[in-house]
4 protein chains.
Amino acid sequence: MTDSDLVTLRRDLHRKPEPAWREFYTTARIVEELQSRVDLDALHVGPDAIVADQRMGVPDAAELAAWHDRAREAGADPDLLDDLEGGHTGAVAVVERGEGPTVGLRVDIDGLPRPESDDPDHAPAAAGFRSEHEGAMHACGHDAHATIGIGVLERIAESGEGLDGSRSSSEQGSDGDFAGTLKVFFQPAEEVIGGGKSMAKSEHLADVDYLLALHIGLDHPTGEIVAGIDGFLAVRHLDATITGESAHAGGHPEQGRNAVQAMATAVGNLYGIPRHNDGATRVNAGVVEAGSASNVIPEEAYMQVEVRGETTDLMEYMTENAERVLRSAAEMHECDVETEIGAEAPSATSDEELVSIVADAAGRVDGVENVLERDRLGGSEDATYLMREVQQNGGLACYVGVGTDHPGGHHTATFDVDEDSIGHGIETIAGAIERIARDQP
Amino acid sequence: MTDSDLVTLRRDLHRKPEPAWREFYTTARIVEELQSRVDLDALHVGPDAIVADQRMGVPDAAELAAWHDRAREAGADPDLLDDLEGGHTGAVAVVERGEGPTVGLRVDIDGLPRPESDDPDHAPAAAGFRSEHEGAMHACGHDAHATIGIGVLERIAESGEGLDGSRSSSEQGSDGDFAGTLKVFFQPAEEVIGGGKSMAKSEHLADVDYLLALHIGLDHPTGEIVAGIDGFLAVRHLDATITGESAHAGGHPEQGRNAVQAMATAVGNLYGIPRHNDGATRVNAGVVEAGSASNVIPEEAYMQVEVRGETTDLMEYMTENAERVLRSAAEMHECDVETEIGAEAPSATSDEELVSIVADAAGRVDGVENVLERDRLGGSEDATYLMREVQQNGGLACYVGVGTDHPGGHHTATFDVDEDSIGHGIETIAGAIERIARDQP
Amino acid sequence: MTDSDLVTLRRDLHRKPEPAWREFYTTARIVEELQSRVDLDALHVGPDAIVADQRMGVPDAAELAAWHDRAREAGADPDLLDDLEGGHTGAVAVVERGEGPTVGLRVDIDGLPRPESDDPDHAPAAAGFRSEHEGAMHACGHDAHATIGIGVLERIAESGEGLDGSRSSSEQGSDGDFAGTLKVFFQPAEEVIGGGKSMAKSEHLADVDYLLALHIGLDHPTGEIVAGIDGFLAVRHLDATITGESAHAGGHPEQGRNAVQAMATAVGNLYGIPRHNDGATRVNAGVVEAGSASNVIPEEAYMQVEVRGETTDLMEYMTENAERVLRSAAEMHECDVETEIGAEAPSATSDEELVSIVADAAGRVDGVENVLERDRLGGSEDATYLMREVQQNGGLACYVGVGTDHPGGHHTATFDVDEDSIGHGIETIAGAIERIARDQP
Amino acid sequence: MTDSDLVTLRRDLHRKPEPAWREFYTTARIVEELQSRVDLDALHVGPDAIVADQRMGVPDAAELAAWHDRAREAGADPDLLDDLEGGHTGAVAVVERGEGPTVGLRVDIDGLPRPESDDPDHAPAAAGFRSEHEGAMHACGHDAHATIGIGVLERIAESGEGLDGSRSSSEQGSDGDFAGTLKVFFQPAEEVIGGGKSMAKSEHLADVDYLLALHIGLDHPTGEIVAGIDGFLAVRHLDATITGESAHAGGHPEQGRNAVQAMATAVGNLYGIPRHNDGATRVNAGVVEAGSASNVIPEEAYMQVEVRGETTDLMEYMTENAERVLRSAAEMHECDVETEIGAEAPSATSDEELVSIVADAAGRVDGVENVLERDRLGGSEDATYLMREVQQNGGLACYVGVGTDHPGGHHTATFDVDEDSIGHGIETIAGAIERIARDQP
C-alpha cells in the first residue's frame, strides 16, 4: 500500500502537468514536499541542478512566461519561482548517511502537451484530479516518478538514521541501515529528450558510483518488476521548415511553389524509409503546420520529425534517409528546406550486477508477485545520457521497470497508473539502494 | 491624380488590415470618413447592413474579441464598435438624387491573414504604412476598393447636386447631373467568400436595378480598364478533420492510427484529381495543422481545402472527388474524417449592356490609356452572389477591372497598388453610374 | 447510306488492327482496294510515302518482325510487304483531273494496343468482326478514316470524269466536276503522334494548297458535322527509366535503392503538377513497368508519361515540371533517372475560309442534320504537323469532325462507329473538295 | 578444396538458371550426374518427388512450355523431360546403408528471373559461365546448393561402403561408417516459396528423423559455418489487380478511373505501414505492371506484393494492413481491386541438439576457421515447411549456414560464390550426418 500522503502528492502533481522546461509548479511542489518531509543534506534547485546551456528543446520566452505565470497563480512559492525563471527547472536532493558509495536515482517530472480524457471511466476525471491545464496531461506517469523519488529519499533518509541499531525497515525488501550518499535527480524535459544531457553534464553526477532510473507501466501489470531494462532506441529530432512561394490559388496556381505538396510528399516517403536488417527503426512526423489560408498556395510548412534506431548507427541511417527525403521533396516542388537537428539521445544498457541486485530487492517487496530479469523498452529515454556518463566514469547503471495497470496506452488520453505501484517502486528502489551500499562499502 | 485625402485614407486602411468579419476598425473608419465628407441620405452599419445568419466563415468568439479590442485601442469610435460586436461588420451608404434608377456599387474591405514584407523595396514598408497588425496584410487591394467606394459616393453626391445646372464634373468621363439612387455596399469577408451572401440577401439589394463591382490589379497595368470581367470560378471550402489514435511513436507505433499519414495521402491525391475537359478546375490544401508532439503518433489532422470550377458543375465534380479522396485516405489509416462544407460562391457573368457603358465611361477618363472589353478573372469572388441576385430580379450587373501596377502578385507579401489607379477607378465607375442614370431614366 | 463494299472494307480493317508503324496488313489492304477500285494517277507506298528518319515512336525490330509475319499469314501481298519492312507503312494516293488547285486529305490508319470487348452487346463482337489481334483494337475509328479516304478518292476520281458534262454526283452536297489534283495521305502511327511529321516533311505535301483532315466521333452523334475543329493540345511523350539497386527484400531491404518507391512518388506528384491559369494542361502516366520478383527490391522502373498543353508554352511548362518531379523522385530514393523525349506534336487552327466551305458542303449531305461551325478537340493530333506545314507554305487547312454514335468512349474497349457516318464523311469531304476546286480555280 | 568435377557441375548449372517450376534442365542434369556418380538405392523424379497439387506459384502453360523447349535444346534427356512436363520438377535421391536413422537433406535448385552482370569483374562473366538464359540468373547460390547435395550423397554413399572396416573419410570432420538412410531433397521453386510445401507433404519426408537444410553466403565469409540458423521471417505473397476505366488522356481525363494513380498511392502507403514493436516486418511491391499506352488513362494495374513478419502474427498484421491500403487506394480512384493470396511460408527454429552436432562437425572441416552457434536469417525460406513437418512428427531439424565470399549481395546482378565453400558445405553436412547416425543408432 502506498502512503496516503504520497497519493495526495501524486494527484496534486497530476492536476498540474507541465511540459518540458515549464515544470515551475512541479519543481516548487517537489521542493516544498522535500523540505517538509525529508532531512536533506543538500538541495540544488533549478539553475543549480542543471547545466543551462546543455538544455535542448527549450520553448520560447512567451511560452515560458505564460507557464511561469500560471505556476504563480497556482500558489507556488514566488521566491522559488524567481530562481526557475526562463525554464531552469528540476532539482537534485542529497542525503548523506555515513561512509559508503554514492548512489544516484533519476526520476523525470514533466508532462505532455496533450489533452486528458474527461470520460467518467477515466479515474482522474472521476476522482477529481484530472488535469487543470487544458491541453497538457501527465500521460506517461512522471507524476508517479516524482512521487517515487520523494518516497525513496524519505525511506533512505530514515534507513540511514537506523545506523544506531534499530532496523526500521527490515520487512519488505529492505536491508536497512543505509551507509553512503543518495542523490535523487528530479529531471525536467524527458518527453522532449531535452533534459537528460543537462543533468548528465552537471557536477552532481560526477561522483555517482551507481545510478538507478525507473519507469512505471510499459505494459507490465501492477505487481511486476523488470529488474533491468534495455533496448533504448537512440533518437533524434529533426525540425524541418519547407519554404516555397505563395500565390493566389484560384488565379495563378502555377505561380506558387507549394510547401504543402512538398510536405505531403515528404511525409509519405519518410514513413517508407526501408526497414533495416540490423534492427528496429522508427520514424514519426509528429507535428505538421502549414499554410495560411485556403485560397493561398501555401508557402511554408513546418514539421517536427523524429527518427530512432535500436543502435546509434541505425538512428544515423534513419537521419540520413530522412534528410534526403526532405531535401528531394522540397526540390520536387521548387521549395527550400531547412532541417535543424534538435534534441537527441543515445542508447544504453543496464549492467548485470545491478540488475541482479534490483531483482533480488524486488523479490522481497510485498505486492510484487513477478520479477523479470530483463525486458526491452522499445522507446527512447534521455536517462541514457546519465547512465552512459556514470558508466564512462567507471560506475554502473540500471533502468528499472515498475509494473502498473494502466487502462490507456502511454501518451494517450486515458493513461493512468495504479497507485499501489508507487509503493512497489519505492520499496524496490530503496531496497536495491540499501543492498548496493551494503555490498559495496 | 488621386485626391490626396483619399491616398491618406487608403494608407490608413492599409496600416490596419483586418481579416474576414474582423473589419471593426475598417468599418468604423469608413463610417467616420463618410460622415465627414459625403452628404448621405442613409447609412446602414454592421448588423443593419447584412443578414447576420447568412454570414459564412465567421471566426470564433475569442478571435473576434481580440480584434475588437485591437480596433478600440487603435482609436475607433467605441459606440460604433459596440454595434459591430460579434463580427457584424460592413456598411451600406445611400445617396438619393432625384428620380432615376437605383444603382449599386459593391466594394470589399477585408484584409488577409498573411504577413507583409518588410523589404525596403516594398513601398508600404519604405513609406511607413506597412501593416501594423503582424500576420495580417492588405495583400489584395481591398484598402483601395474601400477608398474607391468612398470616392464614388463623394463624386456622385456632388454630381447629383449639379442638377440645378452647375456641371461640377464635366471633365473626366463624367456625364454629370446624376438623377437616381446610389447605394455603395462596403462588404466584409470577401477573402473567405463569406460576406457576399449576407449582403446579397439583405433588403438593401432588393431594389437595385444596376450593380457594379470592381477589382484593382489582376495583372492589368495602371491605365488599363477591363469593362467586363467574367470567368469567375465557382468555389467551395471544405474543412476536414481527420481523427485517428495516438500512441507512443517509439514504443508502440503499431497501436497508432496516424492522422498525418492519412492527411499526406489525401493532399497528394487531392492535387491529382483528374483535370476536366469541360473547363478549368482548381484545388488547394491551403492550411494544414496536425499532431501534438514529435514522439506521439499524431491522432488529429485539420485541413482547409478549397475547390473551384469554371462552372458550378465543375466545382461539384471537384467536391465529389475531394470528398472521396479524404474519405479513402482516412480509411487507409483507420482514421475517421469529418468534412464540413464552409463558404462557397457561384459563378456569374457581366451583362453586355453594362459592359458597353463602362467601356465608354472608361475611355473618357484621364490617365486611362487602354480599355479592354472583356477578360477572365480565373479566380473566385463572392460579388457573384450580389450579381446573380440583381440579375434574377431582372436587373443588370457588371464587374469592372481597374488596372494597377502591382509589384508582387495578389496575396503575396509584396503586393501593393499604384495609387494613381484609385482615381481611375473612381472616375470610371462614377462616369458609368452617371451614364446609366442618364440612359435609363 | 454507306456503300456496302466500303462497310465490308471497314470491317476487314477492324478485324486486323495494327498499332503504330505495324500497319502492314492495313497498308497492303488499302493499296489493293485502291488498285481495284480507283483510277489513280500515282500511288506512293511505304518508304516512298514518308520521310523515314522523321518517324517517331517506331517499335523495336522484333516487334516489327512479329507483326510483319502476322500480316503475311493474313494473306497480304508478299511483294508489297517486302517494301514495307522495318515499319515503313502508309501510302499517298493521287488523282489528277485537269487544271486546278491541289487539295490534300489526310486520314490516319493505325489501331491501338488495347484489347477489344467481347461483350455480345459490342457490335463488332456480335457481328463477327471483332479484332483478331488479341491486345490490339481499332478503338478510335481509324478503320473508318481509312475507308473514308478510299471513298473520297473514288468519288472525286469519278467526279473528275464528269468534266465532259455528266454530273454524276449532283445530289448530296456535291458540286461535281472536280478540276484539280487530290492527294490522300493514309498516315500511319497517329496514336503515338509518330507519323504526322514524317508525312508533313515529304515532298508530297509541298505543293498542297488546301489540306483537309478529319476525325469521326468525338462525342458528336451521327448526322452532325463539325466544320472546323480547333483546340488541339500540344503534346509530348516522356519515356523515363528509373534505375536503383536490387537487394533481397526480406534479408536486406536497406541495401536496395527502390525504383518502385521512386516511381510511385513520381506518379503521385506528376498528376499534382499545378493547374495553369493560361489554359488547359494534361498529364498521364499511361504505362508503368517495374521490378522483377516479389522478393527483390525493384531496381528498375519504366514509365511512359505524356504531357499536353493548350499552347506549346503550356506543354513546355508541363514538361519542365514533369522532368523535375521525375528527377527529384529518383534522388529521393537514391536512384538515377533517364528521361527521353519521344514523339510530340504542336497545336494548330482551322482556317475560317475552309471552315465555311466545309459547313456549306456538309449542309447539303443527306443524313446530315446538324452542322456546327466550330468545336474544340481537347486532345492531340499529329495532323497538326501537316496543317502547319501547309499553312506555312501559304495554304489553308481545316480539320473536320464527322459525328457518329459511338457506344463506348474513344480508346475504350467498347468503342465502335455507326457505319452510316462513313457515308456522311465521304460526301461532306468530297463536296468540300469539289467546292474548293470550283471556287479557287 | 572442392572436387573439380563438382566445380564443373556447379558452373554448368550456373550457365542455365531456371526460375521456379521451370528447372527442367537443372533436374535432368542433377539426375544424370547422380546416375553416373552415386550408387543410389532409389531416385524419385519430378511428379514422383513432389505432391503436384501442393505446388504454389506455378507459371502459366506458355511460360512452362517455352522453358521446357529451351531445356530440350540445351541437350537434356528427352525421356526425362517428358516426365517433368507441366512444371513437375525436382528430385529425391536415396542412399540406404544398413540399419540406422533416416536423415534428410534439403537443397533448393531454382534460379531467379533477373539478368546477370556482364561486367568483366564479375567472375562468371570473366570465366565464361555467365547465364545463357537472358533475364535469368543463379543470384542466390542454389547452383552451389544442388552441387552440395550431390557431393553429400557421394560422400555418404562411400562412407557407408566403409562398413567393412576401411575408413575412407576419417579426415575432415568425418566420423565415417555411415549406417542408416540418407534422402536428399532437390527442391524446386524456393525463390517463390512455392516448392517447400509440395515436398513437405510428400511421403518421402514422412519417415525422416533428422532434417538438415543449408544456405550458402548470407554475408558470412568463406571459412565460416553457422551451425543453426533461426529468424526465418514468415512470408506471404499478395497479387493485386486494380481495375479502373480507361479514357482518352487528352480528351476526357475526367472519364477515366486511373489504376496507376491508385497503384502509386498504394505503393507509397504500403511501405509506410507502421513498424511494429513486437519484431521485424517487411513489405515489398516487387513487381508492378500497368497501363497500355501513354495516351490512355490506365485501366488496370497489376502488383506483386510481399509481406513478412518475424512471427506469423506479425505477418498477419502486415497482411491486414496491406489489404486495407490496397482497398482504400482503389476506392480513392473509384477502382476495384482483387487481392489474391499466393505462396506463403511459416517461421521455424533449429533444434539445439542438431545445432551442437553440426557445430562439432564443422569444427573438424579443413578450411573452416570459424563456427558460429547461431545466427538469424532475416529473410524467408520454405525449408521451414519441411522443418516443421519433421518436428511435428517428433524429429529434429536444423538449418545450416555455409559462409562464402560473395562479391554482390544476394539477388543482385553480381552475386557469386567462392567455390571453396562448396567443399566446406559438403564436409560439414556429411560429417554431421555421420555423427547423427553414430550417436542415434
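The backbone N, Cα and C atoms fix where each Cβ goes, glycine too.
Automatic, uncurated: that is what TrEMBL annotation is.
The Mn(2+) binding site feature in TrEMBL is assigned to C:CYS140, C:HIS142, C:GLU191, C:HIS215, C:HIS411. If you draw a 10 Å sphere around the CB of C:GLU191 (Mn(2+) binding site), it holds 26 other CB atoms from the protein chains shown.
The domain 'Peptidase M20 dimerisation' annotation in TrEMBL covers C:240-330.
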Specify all same-chain residues, apart from the site residues C:CYS140, C:HIS142, C:GLU191, C:HIS215, C:HIS411, whose Cβ lies within 8 angstroms of the center of the Cβ atoms of the Mn(2+) site, ordered by sequence.
C:ASP108, C:ASP110, C:LEU112, C:HIS138, C:ALA139, C:GLY141, C:GLU190, C:HIS410
Look up C:GLU191 (Mn(2+) binding site) in the DSSP assignment and reduce it to helix, strand or coil.
coil
Going by DSSP assignments with H, G and I as helix and E and B as strand, what are the residue counts for the domain 'Peptidase M20 dimerisation' (C:240-330)?
34 helix, 31 strand, 26 coil
For the binding-site residues C:HIS142, C:GLU191, C:HIS215, C:HIS411, which residues show a Cβ-Cβ distance under 8 Å to chain D?
C:GLU191, C:HIS411
Across all the protein chains here, work out how many other Cβ atoms are within 10 Å of the Cβ of C:HIS215 (Mn(2+) binding site).
27
I want to verify one value. Collapsing DSSP to three states, which class is C:HIS215 (Mn(2+) binding site)?
strand
Which secondary structure state does DSSP assign to C:HIS142 (Mn(2+) binding site), in the simple three-class scheme?
helix
Counting across all protein chains present, how many other Cβ atoms fall within 10 Å of the Cβ of C:HIS411 (Mn(2+) binding site)?
28
Once the DSSP letters are reduced so that anything not helix or strand counts as coil, what is C:HIS411 (Mn(2+) binding site)?
coil
